[in-house]
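Listed in TrEMBL for this protein:
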DOMAIN    C:10-108  domain 'FAD-binding FR-type'
BINDING   C:C244, C:C249, C:C252, C:C260  [2Fe-2S] cluster binding site
Amino acid sequence: MEPEDRVIVAIAGLNALIGALDRDGYRVLGPTVRDGVIACGDISGVDELPAGWSDEQDGGRYRLTRSGAETIFGFTSGAQAWKRFLHPPRQRLWRATRDGDRVRVHAEPAPDERFAFIGVRACDLHAIAIQDRVLTEGAYPDPFYTARRKELFIVAVNCARAGGTCFCTSMGTGPAATSGFDIALTELPGEGGSSFVAQAGSPRGAALLRDVADRPATAEECAAAEAIVARTAASMGRAMPDHDLRALLLDNPDHPRWDDVADRCLTCGNCTMVCPTCFCTTTEDSADLSGTESTRTQRWESCFTMDFSYIHGGSVRASSRARYRQWMTHKLATWIDQFGTSGCVGCGRCITWCPVGIDITEEVAAIAQG
Amino acid sequence: MTTRTIKVDYLARVEGEGAFKVVVRDGAVRSAELKIFEPPRFFESFLRGRAAIEAPDLTARICGICPVAYQMSAVHAIEDAFGITVDGPIRALRRLIYCGEWIESHALHVYMLHAPDFLGYDGAIDMARDHAEAVRRGLMLKKAGNAIVALIGGREIHPVNIRVGGFYRVPRRRELDPLAEELKRARDLALETVRWVAGFDFPDSERDYAFVALRHPHEYPFNEGRIVSNRGLDIPVSDFDRHFREMQVARSTALHSRMADGSSYLVGPLARYALNFDRLSPPAQEAARESGLGPVCSNPYRGIIVRAVEILHACDEALRIIADYAEPDRPHVAVEPRPGIGHGATEAPRGLLFHRYEIDGDGLITAARIVPPTAQNQASIEEDLAGHVGGFLDLPKTELQHKCEQTIRNYDPCISCATHFLKLRIDRE
Amino acid sequence: MDQMAEPRMAHPLVPRVAHVRRRWRDGPDVWTLEIEDGAGSGFMPGQFNMLTVFGVGEVPISLSGDPADGNRIRHTVRAVGPVTRALARLRPGDPLGLRGPFGTGWPTDALDGRDVVIVAGGLGLAPLRPAILQLLARRDRIGRLTLVYGARSPDQILFARQQDRWGRRSDIEVAVTVDHATSPWRGYVGVVTTLIPRAVSDPANTVALVCGPEIMMRFAAAALTDAGLPETAIHLSMERNMKCAVGLCGHCQFGADFLCRDGPVFRLDRIARRLALREI
Amino acid sequence: MTPTPRKPRLAVWKFASCDGCQLSLLDCEDELLDIAAAIDIAYFPEAARGVIRGRYDLSLVEGSVTTAHDAERIRDIRARSRVLVTIGACATAGGIQALRNFADVRDYAAAVYPDPAHIDTLATSTPIADHVPVDFELRGCPVSKRQLVETIAAHLAGRRPVVPAHSVCIECKLRGLTCVMVARGTPCLGPVTQAGCGAICPAHDRGCYGCFGPMETPNAAALAERARELGLGQDELRRAFRSFNAAAPAFREESERHDDQNDQG
Ligand SMILES: Cc1cc2nc3c(=O)[nH]c(=O)nc-3n(C[C@H](O)[C@H](O)[C@H](O)COP(=O)(O)OP(=O)(O)OC[C@H]3O[C@@H](n4cnc5c(N)ncnc54)[C@H](O)[C@@H]3O)c2cc1C
Ligand code: SF4
Ligand code: SF4
Ligand code: SF4
């Protein structure tokens, strides 16, 4: 089978795929309904996927809803980004033990966990690719991320619906999965349950697909799948203004809108925590009371905290205006200088999960208005 | 005429700030006072104007040692006013978290505050030098109790999950499984505790107490029951005010809680035990018997054994609740505030804790009254102090002092709680 | 993912263990540590290391010794907070964690034939010292060499004895100024920028290396441009919070640059706009 | 990590409080004996009778100042402590008893005490830092025992304690919890409250009620506006900011904005 060949996978086939991955030693993660949202968690079969569930998203608002259909992937951007697994919130780096004047540093071994992600959307594929750039392609790659990433198996899903805060089309990152996956699925709703038009993106994906596919997809089925994605593209909840964002933001460090958004911004850091590309971390040292063992742990940090830019005597970015400006300018402008891509993939999470619903597209639009 | 004053300015190993003074004139005890200089915090005042549903979080802060007790009495009183009943798994979870607080609080008292008196140490850390294993056992037991409170309540002190109508979130079945494992171990430790403390040396000191506690038709009391005594009292909680008064005591401005006839009474483990021995789990009854306790114990020093027996009962009860637990559909019943008066009394580790609220049409509290166990026991403690000291007057001063302290610690007084109602002159000498 | 590099064995955030060989005081609250670093592989003037006091924390500290001096490296630390205080307390023989060297250095290799003005404020002289030592070692290759140094008060002057020694040499001009004079001081009083015009004789052929508090650097940059130096001839060493020093943690961003990787030494033309912005 | 020759001396002091914060130390069941091995618990009346008089390397102070005598006592304690750390909402912000600051304490006393003249109390409940310099403030009602152990260990090691001043939201997200405000419309003070508790309220499907006090840069007004959209009335907003950290400036100001005469809704 050629990678570009499309095949039909039934629900049972998807279940078999999950089983096969599990048997291959992968920790299989997929969307599940949990605590009122769809969030990624461990799954062992299709029946744990959120069949029949959907979501409504808006600035500062998320509601889980019944979709009225039995589709499995009828929801949009999940509450959490996949970075939680590849670049976890907390990661011990090393331990040091002391014996008299002798100190030994014990580096944390590289993780040997193998993840398989089920249901990665186009925006998140791009986000993973962006974190790959940041964390693996510099002079000093993050070996833990690299190790997890190397083993990662991705089953992507093309979006059949756009969420209220989605704007991937305007960022050029979706809704169709075009690369960076092992297998990509488009869900075709049907009378007797969904089936999937599936496409392999890697030899590993092709091999597995061979085992679980029912048959080649027909031309009509392929066309139906493409139509679904095209419809999604046309129904985005939001759009990033069509501008040279890099120039716009670099030219406007003193725009009055920064003061305006500072009045609304809580500097709580939620946007950075949910963003699939935000990668910043800090380190925390701890030691036991006797002082014989100390540990350094890395954890997610946010450019909205005062510690982030603290140098002796105070924080460089003490005002919330400066912190919001740093975040947005980094995302949309300086990221391009640093890594050759935008730092935003249009997933809309920062809009949905901002407790007061600050909307990055709206802020850009306000600045673009002059 | 010789006057001797035995005083301790800062009573150690009790919760809160207290002191005592015993005045002995011509070989006779003239007065015995337990003083509380914990500054008042005015809970009953600032509760006025707060929403009734805030009471569990607010009153928890009366006492960091038994916050669950305050939350429980508050929710029951407010549910009483709102006309809500809570049963099934939610009611069971309330009992479970209460078990946690009993285990934690009793283990703290038995091992860290009280046992050092019997074994001659200043405190548990001191005691750990010679009795490391016992202290470790105490800590493990305490930890098991805390684990229950933390799992159900979110944290050990001032849990966040308790609300009028039930809980904000109920645990999943499988979340309770590791707890059951820990409690099985704790159960064994509790049994060892009973045996360990039963071996201490106890002075012969029986007193004819008026015991007061809750009694429930088929449970050893935590949250619910009628208020009963060994003197024939048997009333619903809502009648508390009619049978118990705060009385002005001549020698101070302190008000002690007394029976309507002015006599002192005792709440807490001894009272609960004497009035509910038949409701203890069979292993707890068995352990009590084995340690030489009858169905009534009137020796306050042996209160430490009764506490140990109650730890064992609480472990058994917690295990039973976990075994029977089925996740309810909703974590709490619907709460519709309505005006009214509500009463609630539950069994804090130290004894009966009574709350009464008047609530207006907006669901706001217009009056609050809280009667904690230490207030109710203060008269008894002082009588005990006066009674015991007479027998020890020949001892050197420091030992006598220590004896007095020990007498007070028998009751596990919680002074942080006490101050919110105790009307005391702060009398510094 | 097959194109990805094999994960390196060593995590770049794991320090190696080194030991303090000597330690001496170089000013009020300022101590220099000489560290025995077995893995030392040389450094460029202007680079820094990440130093860990085990159980306390890790901070960026510039290399302040002679780059020609193999694996005996020096760091000069002002005890201002927990980690720097703990560093300053280390004794000979004490272990510490070390990562580095990191960052861009001063462009000392590109100075042949040029006049060099070194402008330092306070502890800013520490990262400049390796540059001075290196330039003095090949003194014949460059033109006029001037050090303009500003300290808060005479007792705060860093490397005072070495500065005296330099001051007595004929191949380097040293001008020192203090913000607040105390009695025996007979030198300049005032901000360091006032000394800059004198230090520049041939602006088109002069290169300036500047390090000090950010505010001082802003004024120094202005004074140097006023003296006729092009922005491309002015180099500044910046400071930002730093956790990883390898471009992974994000803290040290200064506009598009990561200070740890693209700096700390920058050419003014690259950062002039940012330097003028507050809270960037 | 340098071993100290003499064991440092710890003292635990109590002012107006519920005892919960110092109990947190005894709740460190796993660490207590290690703590006792590393430091000399010289004064801790809740746990031991013994008293070592003199100076202390580290004093933990629980509770707020509510009497003239306590205002004196804290000065003496400060003078005898090398490092003084306040623990809990009472000590760092006046605690729940600071609700009196918004009322007339004489009315308060009269409502509870028939003979209020005998009640020795100040009109306000104030944090320790209003009276003496404080080296570090550990927040929480009660403090988190994890942070308490960290604070003790860090002060002994001369390290900055890992006690971030950022929002509860960051902790909430690190744990991977669902935001109750966004996903359920439940008002939550997490965005303006300092982290440390482990985001346990959102973990239990309720909004944070601010028991760790204001975070480093709280924007209480913006959050209150959002809470109003979610249905909180003026009185509820006032009460929300006026609880365990009522006297912390950011919360006090916000609660006062919702006093009857000040409401701008
Ligand atoms: C490239 C570079 C070179 C430096 N060279 C020297 C030097 O040679 N000598 C010297 O004494 N100091 C130098 N510093 C400054 C030094 O790193 C800080 O003084 C030190 O981090 C303060 O840490 P602290 O824990 O002692 O104090 P605190 O000020 O309490 O710092 C707490 C934490 O804040 C961060 N932090 C505070 N100030 C800075 C800062 N200026 N830069 C980066 N992070 C900071 C650190 O993460 C530190 O752990 C340099 C800084 C940078 C960026
Ligand atoms: S900036 Fe916002 S929309 Fe863009 S990738 Fe991050 S979370 Fe998604
Ligand atoms: S639940 Fe509360 S603490 Fe958590 S992210 Fe939402 S607003 Fe913040
Ligand atoms: S979430 Fe808020 S109220 Fe709840 S425990 Fe944490 S800080 Fe306190």
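Residue numbering: from 1, along the chain as shown.
The backbone N, Cα and C atoms fix where each Cβ goes, glycine too.
All features noted in TrEMBL, drawn onto the structure.
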{"residue": "C:C244", "record": "[2Fe-2S] cluster binding site", "DSSP (3 states)": "coil"}
{"residue": "C:C249", "record": "[2Fe-2S] cluster binding site", "DSSP (3 states)": "coil"}
{"residue": "C:C260", "record": "[2Fe-2S] cluster binding site", "DSSP (3 states)": "helix"}
Across the domain 'FAD-binding FR-type' (C:10-108), average pLDDT on the 0 to 100 scale: 92
CB-centroid shell, 8 A cutoff, [2Fe-2S] cluster site C:C244, C:C249, C:C252, C:C260, site residues removed: C:M242, C:K243, C:A245, C:V246, C:G247, C:L248, C:G250, C:H251, C:F258, C:L259, C:R261
Subset of C:C249, C:C252, C:C260 (binding-site residues) with C-beta under 8 Å from chain A: C:C249
Summary of DSSP states over the domain 'FAD-binding FR-type' (C:10-108), given as helix, strand and coil counts: 9 helix, 47 strand, 43 coil
Cβ-Cβ distance under 8 Å to C:C244 ([2Fe-2S] cluster binding site), same chain, at least six residues away: C:P12, C:L13, C:H251, C:C260
Cβ-based isolation winner (fewest other Cβ atoms within 10 Å) among the binding-site residues C:C249, C:C260: C:C249
All-chain count of other Cβ atoms within 10 Å of C:C252 ([2Fe-2S] cluster binding site): 26
